[in-house]
Ligand code: AMO
C-alpha cells in the first residue's frame, strides 16, 4: 500500500518530504521548468520539476524524469515524492511539491474521450472519467453523508435495518412496470419496491425497519427523473394511527439528512453548484390533493390528468406556491384518491374514496410516496379484487395479515431524486453512479 498524503491534508502539513498519488490534470512543459497539476480524490496540487534536458549534461536520472513528465498525458495515474513547500505566490492553494521522484503507474491514451462540454450521453459512456470531475466527487460525498445521517437517525431511534430480496414471485406495484426474468424452469420478477417485505417486518414484530437498496421499474420513459434501476430508501413502522405518523418520522429524518450535508459540505456545494443547502423546518407544510388542485386552478393551471394525480408541471407550480407562501422547499400532498393509489393503502374510515397517503415534493418534484397500510385482511382482499388483482397470486402477502399484525405505515423515497433536487441538478443521470435507462445498460 502506498503511504500517501491526501492532497487536502497538504496545506496543514509542515514543509518536508511527502508522497502524493493521483492523476494528471495538466502538464505545462517549459524549457527550464515543468509543472504538473496532480489531482486525487480530495483536491489538486501543483508539482514542479526543474527540467534537465539531455543537452544540459550528465544527470541521466534527472533527464529521464524530465522526459517522463514531458510524456505524461492527462488522466495518467502517478505517484510523486518530493518536498512540500508553502509559498503564497502559488495560486493553487499556496503550496507546491518539488518533485524528487516520479512513478508512472498507468499512462492514459493521449486523447481523452470526453471533455467538460461533452453531452450527458457521451459523459455517461465514459462515466469513470466523468466522475473524476471534482463536482461529481462532491455529489457522492454528499450522498454518503446524507445516507449516513439517515442511518444514524434510524439507529438512534431503534429501527432495524433489513435487506429484502430483489427476486420476487409477483409484482408489488403496477404490473406495467415489471421486469420479468427467466428463473430456472419458471419466471421471476425484479423487485419494484421492498413494499411487501418491509411490511412483513410488522407481523415479524420488528417494530420499525429501514432499507436502502436497488429497485427496478420497466419504465420506458426518458424523463429527467426516471431510471429503470434506482436506489429506494424505505422505512416502515408499527402502531401508526394514520399517515400523519409516517410523515412525522419522514420529516425528522430529512431534517437530520440535510443538516448533516449542510454541516459537512455546505461551503463546497455553494462553491461548486452555487446552491445553498437549506435545512427544512418541521413540520413540513401539508396540503390535501383536492386543495392542491384548487390552488393550482387559482394560479391558472388545470392539471390535465383525468385521474387527478399531479403532473410534473402541477408539481412544479405547487412547490413554487409553497415556497412563496411558507418559504419551504418541501410539501406533503396528502389524501390521494383511492383510484390512483395501490390496493394496500388504507382508506379513510369515513370516506373510502380517499386514502391515508401522501406524496412528498421537494423543489418541484415528487421524491416519495408514503401511506398507512390496510392491515385488516378481509378489507385488503376486497381492495385487491377491486383493483382487478387475483388474491390467489398474493397469498404469501395476505398471510402476513392472518396471524396477527399491528397497524403500520411507511414510505419509499428515490435517493437519486433527492440528490438531484438537493443539488439543483437537471437530471438524475448527473447524480447516479451508473445510470440505467431503456437505452443504457453500459458501462
Ligand atoms: P413509488 O412507486 O411512488 O412508491 O416510488 C417511491 C419513490 O421512488 C422513486 N422512484 C423512482 N426513481 C427513479 N426512477 C424511477 N423509475 C422511479 N420510480 C419511483 C420516486 C418515488 O417517489 N411502495 C411505494 C412506497 C411506499 O408506499 O412505501 C412505492 O414504491 O422518488
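Using N, Cα and C of the backbone, Cβ positions are placed for all residues, glycine too.
Predicted automatically and left uncurated, TrEMBL annotations should be read as such.
Now, the feature entries from TrEMBL:
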- 140-443: domain 'Aminoacyl-transfer RNA synthetases class-II family profile' (DOMAIN)
- 173, 217, 369, 373: L-aspartate binding site (BINDING)
- 195-198: region 'Aspartate' (REGION)
- 366, 414, 415, 416, 417: ATP binding site (BINDING)
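Of all the binding-site residues listed (369, 416), 416 sits in the most crowded Cβ setting, with the most other Cβ atoms within 10 Å. Looking at residue 173 (L-aspartate binding site) and residue 415 (ATP binding site), their Cα atoms lie 18 Å from each other.
When averaged over the region 'Aspartate' (195-198), pLDDT in the model lands at 97. Note on proximity: of the binding-site residues 414, 415, 416, 417, the one nearest residue 369 (L-aspartate binding site) is 414, by Cα distance. Note on the region 'Aspartate' (195-198): DSSP counts are 4 helix, 0 strand, 0 coil.
A separation of roughly 25 Å, to the nearest angstrom, links the Cα atoms of residue 416 (ATP binding site) and residue 373 (L-aspartate binding site). Taking CA atoms as the reference points, residue 366 (ATP binding site) and residue 217 (L-aspartate binding site) are 16 Å apart. According to DSSP, residue 416 (ATP binding site) sits within a helical segment. On its own chain, residue 414 (ATP binding site) has 225, 230, 231, 232, 233, 367, 368, 428 as residues at least 6 apart in sequence with a Cβ closer than 8 Å to its own Cβ. Sequence-distant neighbours of residue 415 (ATP binding site) (same chain, six or more apart, CB under 8 Å from its CB) are 143, 147, 212, 230, 231, 232, 233, listed in sequence order.
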